[in-house]
Every structure is written in C-alpha cells, then in structure tokens.
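Enquirer: Quick one: structure below, then a few questions.
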Ligand code: PEP
C-alpha cells in the first residue's frame, strides 16, 4: 500500500568526483529496482553534479537541509528555490546532528518543513530519542512531542505526502541498530500520533522510515515490520554495493 522509500544521507562526505562515481556505480546496481523509491542526499556542493549523474536513472535527489526564508541575509543557508533549480525533490529536515550541533529546534523544523512543502519539496522530517530518554522510559512522549511540534499547522493532505524518519540517536553511526521490534513500536506510535492529529487517512499514507546503523544484513527484518516503510541510511549509503543491497532488501 505504501511504497517503500530508502534514502541515503551522505552527510559531509563525498566530493563531486566521489559522488558522481558513487551514483554511476549505484545506478547500475539498482537499475532493475522498480518497487522502491531510492533517494540520495549529497552535500550542497555536489547537488548539481549528482543531479546530472542521476539523469535518467531510478535515483531521486534529496538535500540535507533548507531554510524557511526565500532569500536574504542568512549566511550559509540555502532556499527552496535554490534546491528546486537543481532538481531536488526531497529534503532532510531536523536530523539529530543538526539538532545537536546547529541548534535546530522543533520550531525551526516546523518552519523548514512548511517552506519545503510550500515549494513542492518532500520533507523527510527526522525525530528520535537519546539513550537517556529511552532508558527513562519516555521515548513515546519525547518523539510524540517532536512530531506534534514539527508538523504543527500542516493539513492532513500535506502530512499524507511527507516522509518521517524515526532515528533513535543512540543508534546513529554507533553500529547499534534498534531491534526491528523496537523500531516498529516507535514507528507505530508515530503513526498513531499522526492519526490523532491529522486523521486516519493521513496516518495510513504517511511513510515512516527507520534510521540508525542500517546495514544490508538488518534491512530485511526491519522492512518486514508493519509500520516501517523504509530507511534513512548514513554510513552504509556511502558504498554503492552496501546501499544497493539495502535498496534490494
Ligand atoms: C543517519 O545519518 O541518518 C544515519 C542513520 O546514520 P547511520 O546509518 O550511519 O547510523
């Protein structure tokens, strides 16, 4: 019912030369895949070259951030129009690294998300708890709060078309994948939160990814779960073979 979506977050990795080589290798490996939306999210400097390399392949282009204003004195930021100009379709918003190192808040996540949707970009809105929050047993309350604040003021139709990435911070880049049951439990809770706020139809349509040390060996189990519709992949998206094997779960 919901088309799986696997996105690779390259973070601050890959020069233009490295990125275009990766796309060439990846495109060949996933040429036969039709039933999964595949998204690659390079750094801003490589977007244009990667857009060209994606050309007529199955790969969709995503950015790692976007600002909510259309232009102006916002040094280092990028507008929706600038991304659209480069054929970007998706944009990661509120990744935990942006929240931790660059003062991203639920409020700025909400502003970026609204701007992305208004411009016709599909936001991949990230949420997820720290180890302390999980150990305190307050994961649902925390993640539910991030979802409600991050998606504030959106309509049901808008929410139906976005992507949410549940990424427990303790599993990102640590090699510790959440078990498929842990991932599904929170993804199901996010869907329930969406249902309460935006209605059942939006909840049934919104795609929810799991992210956190996803590897070729863990993806099949994760994707077998009822509320996991895909993955946001960091480290393993930097190798064409690994990422293609994740895409072909
Ligand atoms: C991420 O950056 O979104 C991520 C999940 O990273 P990794 O797969 O390396 O844990």
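Every residue, even glycine, has its Cβ placed from backbone N, Cα and C.
Whatever TrEMBL says is automated annotation, not expert-curated.
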Enquirer: Of 213, 217, which one shares the substrate site with 9, 10, 11, 173, 234, 235 in TrEMBL?
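Expert: Site partner of 9, 10, 11, 173, 234, 235 for substrate, according to TrEMBL: 213.
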Enquirer: Other than 9, 10, 11, 173, 213, 234, 235, which residues of the same chain sit close to substrate? List them in sequence order, counting a residue when its Cβ is within 8 Å of the Cβ centroid of the site.
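Expert: The answer, listed by sequence position, is 172, 233, 236, 237, 238.
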Enquirer: Name, in the order they occur in the sequence, the residues of the same chain whose CB lies under 8 A from the CB of residue 173 (substrate binding site) and which sit 6 or more residues away.
Expert: 213, 234, 235
Enquirer: Based on DSSP, name the secondary structure state of residue 95 (active site, electrophile): helix, strand or coil.
Expert: coil
Enquirer: For residue 95 (active site, electrophile) and residue 167 (active site, proton acceptor), what Cα-Cα distance in Å is obtained after rounding to a whole number?
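Expert: Residue 95 (active site, electrophile) and residue 167 (active site, proton acceptor) have their Cα atoms 8 Å apart.
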Enquirer: Give the three-state DSSP assignment (helix, strand or coil) for residue 235 (substrate binding site).
Expert: helix
Enquirer: Using other CB atoms within 10 angstroms as the count, which residue among the recorded positions 11, 95 scores least?
Expert: 11
